[in-house]
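Features reported for this protein in TrEMBL:
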type: DOMAIN; residues: 42-337; note: domain 'FAE'
type: ACT_SITE; residues: C193; note: active site
type: ACT_SITE; residues: H272; note: active site
type: DOMAIN; residues: 355-434; note: domain 'Beta-ketoacyl-[acyl-carrier-protein] synthase III C-terminal'
type: ACT_SITE; residues: H356; note: active site
type: ACT_SITE; residues: H360; note: active site
type: ACT_SITE; residues: H389; note: active site
type: ACT_SITE; residues: N393; note: active site
Amino acid sequence: MVALSMKGSGINLEDLQNFFHHNLETITLLSFPLLFLLTIYMLSRPKPVYLVDFSCYLPPSHLKVSVKTLMEHARRAREAGVCWKNKENDYLIEFQQKILERSGLGQETCIPEGLQCFPLQQGMAASRKETAEVIFGALDNLFRNTGVKPGEIGILVVNSSTFNPTPSLASMIVNKYKLRDNVKSLNLGGMGCSAGVIAIDVAKGLLQVHRNTYAIVVSTENITQNLYLGKNKSMLVTNCLFRVGGAAILLSNRSRDRARAKYELLHTVRIHTGSDDRSFECATQEEDEDGIIGVTLTKNLPMVAARTLKINIATLGPLVLPMKEKLAFFVTFLKKKYFRPELKNYTPDFKLAFEHFCIHAGGRALIDELEKNLKLSPLHVEASRMTLHRFGNTSSSSIWYELAYTEAKGRMKEGDRIWQIALGSGFKCNSSVWVALRNVKPSVHNPWEDCMDRYPVEIDI
């Protein structure tokens, strides 16, 4: 072999070839650890979680009720002796009317059939009927839109806070759609309005373990069984806000689904301050002085919500904010802690991190407070306000009606980042962060398609 020298390098190619020939065994042995470490990294790195599509339940038009109709129902119930039997209890009806008029709810929110008839039907059969119609309505549309067969589902997570029959709602879905025998199913109960994000986080964890599969998350709440007919004003508030609704979400960890998926999940942040008694007790299901079950909302709720939200923001910020905002937050923190305790906390500009905000439509005051504290514009909270107006507080599913609103408006562009934030009993504040993988168009039977031309609407103060 002719020896050729590389110009200016002094390296002889023949010597180099001889070196590799005589040291091949050593090089091979050294490469094994590198290959091993690379394999471990590839197997242990987090798998992407894609949101293929989601579907929100659209109640039939005969379930719509105006504020006037609701008040007529309440008075009729009193006259029929169902509740507030004495004439002097009319102040309770007037109290609910005032709450409704200031709530931000519109004239087309929906209540279940069992609460629109006399005598009221609040038993197990009526409650199951409401929940089945909501869940199956959302799932039927999801399967139809995606073309995914029920037998392909490997993971199922269902959340419903106060309605948890036996067999479970998850089992009801398994039975209805004949899911396979080895489906990993979970039923989350008692976790409040923030449970939808918890369910997403649980599904994300399972998708890291079980490869090449689909997960379905179902978020709903039951209204039939939770109508409060007592005299405790703090328990009557929930009657005015909660309405029929639910959502089904299809997730995937299959790389081939990225091409058709709408979003990719970037982060989930869960904060639970239940170790503090005030947090634990601020929203509690219990009996009133007459033995009637309802949900008590204490005066500590606004303070607890603000504190829990603050912790969530402090945890999420470093994950999503640009470096400039991180430094400003850190410098202010140090100044306040060591030099100037009176200094106000620095609120990062989350508008630099997200294009869209899906704030749980828990009530008008909640949306107002988050808009103010996060320094958001009316456009940023439009989806939340309009969801509250059109559908009411649908509990854990409200953030999905808000995302559907943004899609229906044609505002979701490739690369846009979305922050879903929800608060609930316990007390919890949970966040999920998504990025749009394409310009997202609304799916068939989007819940807003029959009224999008009328929104946004002006809401009287």
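Glycine is treated like the rest: Cβ placed from N, Cα and C.
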Quiz item: For H356 (active site), which residues of its chain lie six or more apart in sequence with Cβ-Cβ distance below 8 Å?
Solution: H380, A383, L403, T406, R411, M412, D416, R417, I418, W419
Quiz prompt | C-beta crowding around C193 (active site), within 10 angstroms | solution = 28
Quiz item: In the domain 'Beta-ketoacyl-[acyl-carrier-protein] synthase III C-terminal' (355-434), how many residues does DSSP put in helix, strand and coil?
Solution: 34 helix, 20 strand, 26 coil
Self-check item: Neighbourhood of N393 (active site) by C-beta distance under 8 A, where only residues 6 or more apart in the same chain count
Solution: C193, L241, F242, R243, A361, G362, G363
Exercise. Do me a favour and check the Cα-Cα span between H272 (active site) and H360 (active site); whole Å is fine.
Key: 17
Quiz item: Which value does the mean pLDDT take for the domain 'FAE' (42-337) in this predicted structure?
Solution: 93
Quiz prompt | Pairwise Cα distance for H360 (active site)/H389 (active site) [Å, integer] | solution = 13
Quiz prompt | Least Cβ-crowded entry, counting other Cβ within 10 Å, from the active-site residues listed as H272, H360, H389 | solution = H272
